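Taken straight from Swiss-Prot:
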BINDING   Asp22, Ser51  Mg(2+) binding site
BINDING   Tyr169, Leu170, Glu171, Ala172, Gly173, Ser174, Gly175, Gly200, Gly201, Gly222, Thr223  sn-glycerol 1-phosphate binding site
Amino acid sequence: MNIENYLNETLKEHKLHFTLIDPDEQTPQEAVEIAKQAKKARSDAILVGGSITDQEDLNITVKSIKEEVDLPVILFPGNISGVSKYADALLFMSLLNSTNPYWITGAQALSAPSIKKMGIETIPMGYLIIEPGGTVGWVGDSKPIPRKKSDLAVAYALAAEFLGMRVIYLEAGSGADSHIPVDFIMKVKKLTNLMVIVGGGIKTAQDALEVKEAGADIIITGTVVEETDDTYKKIKELTDVIH
């Protein structure tokens, strides 16, 4: 199955929710249990990755999920170690507002030959860090876009589109106090033809609804799933408003 086609076809029916699993935060067994509950709660895919990833843990986690859960598993690599041959697809991303060329094209060039050999489907994506940015903003040497400067986000998103990317990910950072401002999402969606992913700071159904109504195509939640006592209930609260 071509994952990008699956996403585009599903978007004709409803907006999407991805459950983010960070192998650094869960054991493979815990990751499988989260993925099972995500499937039951109608999440549309499992996103696997983090800012710091051990490749052995990643391989075990992805393989375990694939063996037990019938959902697409998409990689969200934080570095060249964030690649696994067991995944269905990979968000091949460039951190657009990094000050370090390594995160813009360096890591991508280093990992590309291995990805080619593995035969993993790649989805070209621009990754944009918005304040506060969290761990990924620090690790990625980014200049997080101020929350009142939506025009800067639009400029980067247009650049991503003109460079041939088909997806833009607006990231507030894992565990952010609040989600991406709605005007960022609205303007990027209106002024580009990109698939818009939004993550960071989405903790409640109301948050998810605001982001969806602003124009997000795919909504990512991770921290809120890690911290809840009832994974199924929390994800279902989100998917009920997203779908």
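Each residue, glycine too, has its Cβ placed from N, Cα and C.
The structure, with features from Swiss-Prot marked on it.
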residue: Asp22; record: Mg(2+) binding site; DSSP (3 states): coil
residue: Tyr169; record: sn-glycerol 1-phosphate binding site; DSSP (3 states): strand
residue: Gly175; record: sn-glycerol 1-phosphate binding site; DSSP (3 states): coil
residue: Gly201; record: sn-glycerol 1-phosphate binding site; DSSP (3 states): coil
residue: Thr223; record: sn-glycerol 1-phosphate binding site; DSSP (3 states): helix
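Within the same chain, residues at least six positions away from Asp22 (Mg(2+) binding site) with a Cβ under 8 Å of its Cβ are Val48, Gly49, Gly50, Ser174, Gly222, Glu226. Ranking the binding-site residues Gly173, Thr223 by how many Cβ atoms sit within 10 Å of each one's Cβ puts Gly173 at the top. The sn-glycerol 1-phosphate-binding residues named in the record, Tyr169, Leu170, Glu171, Ala172, Gly173, Ser174, Gly175, Gly200, Gly201, Gly222, Thr223, extend over a maximum Cα to Cα distance of 17 Å. Sequence-distant contacts of Tyr169 (sn-glycerol 1-phosphate binding site), defined by Cβ-Cβ distance under 8 angstroms and a gap of at least six in the same chain, are Leu91, Met93, Met125, Gly126, Tyr127, Leu128, Ile197, Val198, Gly199. Around Gly175 (sn-glycerol 1-phosphate binding site), the same-chain residues six or more apart in sequence whose CB sits under 8 Å from its CB are Gly134, Gly200, Gly201, Thr223, listed in sequence order. On its own chain, Glu171 (sn-glycerol 1-phosphate binding site) has Tyr127, Leu128, Ile129, Ile130, Gly133, Val136, Ile180, Gly199, Gly200 as residues at least 6 apart in sequence with a Cβ closer than 8 Å to its own Cβ.
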